[in-house]
């Protein structure tokens with residue numbers, strides 16, 4: 001027993017007196033902790049290739065982004081866009097509570113909202129999708145300020161490409177061409193027979209006629225369903241999405257993300273494919289795409305970082321996409337030019353629509369007259 005008491009006394013003598021430590025000792029402990037955290041950051045960075053890059057923006061604000069664009073150092077802008085850029089055109093987004101598309105599909109009696117875009121459900125029950133397509137079909141809406149801002153980036157030689165989740169084709173209407181676009185979730189621009197043995201292609205006009213005649217589009221070669229080339233849940237993204245992103249994102253020097261929740265993969269992961277020095281601007285109603293906790297804890301990777309003390313390249317401008325683009329255009333000295341472009345393009349669309357309506361009215365009138373003539377002869 002005496003040996004145990006003696007041993008315990010020696011251990012207690014060797015134990016630091018925590019309550020009696022000086023402030024200097026406490027500071028040394030904090031410094032040691034910081035050093036260990038820095039070591040872990042460095043270890044993970046080297047292992048995973050996630051080292052923070054050079055700070056390019058002089059300020060993490062929209063003004064800082066504008067100054068960077070005007071500096072001449074920014075020449076390869078990529079835009080990543082989602083449904084939020086088209087809501088001001090009258091097209092609902094998917095996930096907004098109360099107003100989003102998924103919140104207003106009760107009339108289609110779906111087992112769950114996303115079923116309307118499930119390929120297996122579509123093949124068995126195509127009616128809900130084509131009924132919805134009549135409501136949202138491209139050609140009934142005008143591009144937004146945001147769409148024309150991207151067109152302006154193209155005209156100024158700054159747009160490398162627009163990666164879009166949207167299927168409304170408004171990027172094309174605004175003046176972006178096939179080479180300017182990656183329609184990650186497909187498009188109504190073309191359609192194909194769903195049969196793997198057939199795969200006959202159909203035009204946008206053909207599909208439009210089928211949809212608005214309220215017929216379920218069927219292949220005239222094999223009788224199978226014909227589906228617009230939009231990507232349903234359960235289908236692969238277009239091959240061009242994967243090949244082009246490998247070329248585009250490493251050389252991107254400004255990534256602008258607009259109107260997307262960044263919840264759908266693999267599209268959402270594109271934000272991490274730019275270099276570690278590439279600034280990223282989010283224009284959205286709320287912040288999204290932020291770092292996962294584990295990655296954010298170590299101050300790198302894993303998504304967007306707007307608010308931590310390690311933030312060095314990500315900027316969030318919380319507003320509608322149109323307001324955000326107009327604010328950026330103003331800072332760039334492009335506001336009047338953008339407003340004039342929107343006004344001019346809307347006038348062209350209205351003029352084209354008026355001519356189309358006149359043509360349809362004339363055709364209808366001739367058809368009615370021909371039918372009347374046949375009736376007179378039979379009498």
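Quick reminder: no glycine exception, Cβ is built from N, Cα and C everywhere.
Small disclaimer: the values here were computed from a predicted structure and weren't measured.
Pulled from TrEMBL, these are the features on record:
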{"type": "BINDING", "residues": "83-87, 93-95, 165-168, 260-261, 284-286, 321", "note": "NAD(+) binding site"}
{"type": "BINDING", "residues": "193, 198, 219, 222", "note": "Zn(2+) binding site"}
{"type": "COMPBIAS", "residues": "1-10", "note": "compositional bias 'Basic and acidic residues'"}
{"type": "COMPBIAS", "residues": "11-33", "note": "compositional bias 'Acidic residues'"}
{"type": "DOMAIN", "residues": "55-335", "note": "domain 'Deacetylase sirtuin-type'"}
{"type": "REGION", "residues": "1-33", "note": "region 'Disordered'"}
{"type": "REGION", "residues": "354-379", "note": "region 'Disordered'"}
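When the C-alpha distances from residue 198 (Zn(2+) binding site) to the binding-site residues 83, 86, 166, 260, 285 are tabulated, the minimum falls on 166.
If you compare Cα positions, residue 86 (NAD(+) binding site) sits closest to 193 out of the binding-site residues 193, 219, 222. For the recorded Zn(2+) site, residues 193, 198, 219, 222 set the reference point as the centre of their Cβ atoms, and the other residues of that chain within 8 Å of it by Cβ are 194, 195, 197, 199, 200, 220, 221, 223, 224, 226. Put simply, of the binding-site residues 193, 219, 222, the one whose Cα is nearest the Cα of residue 260 (NAD(+) binding site) is 193. A count of other CB atoms within 10 A of each Cβ picks out 193 as the most crowded of the binding-site residues 193, 198, 219, 222, 285.
For the domain 'Deacetylase sirtuin-type' (55-335), the model gives a mean pLDDT of 89. Other Cβ atoms within 10 Å of the Cβ of residue 83 (NAD(+) binding site) number 22 in total over all chains. For residue 166 (NAD(+) binding site), the same-chain residues lying six or more positions away in sequence with a CB closer than 8 A to its CB are 81, 82, 83, 85, 86, 183, 185.
For the pair residue 193 (Zn(2+) binding site) and residue 285 (NAD(+) binding site), the C-alpha distance works out to 38 angstrom.
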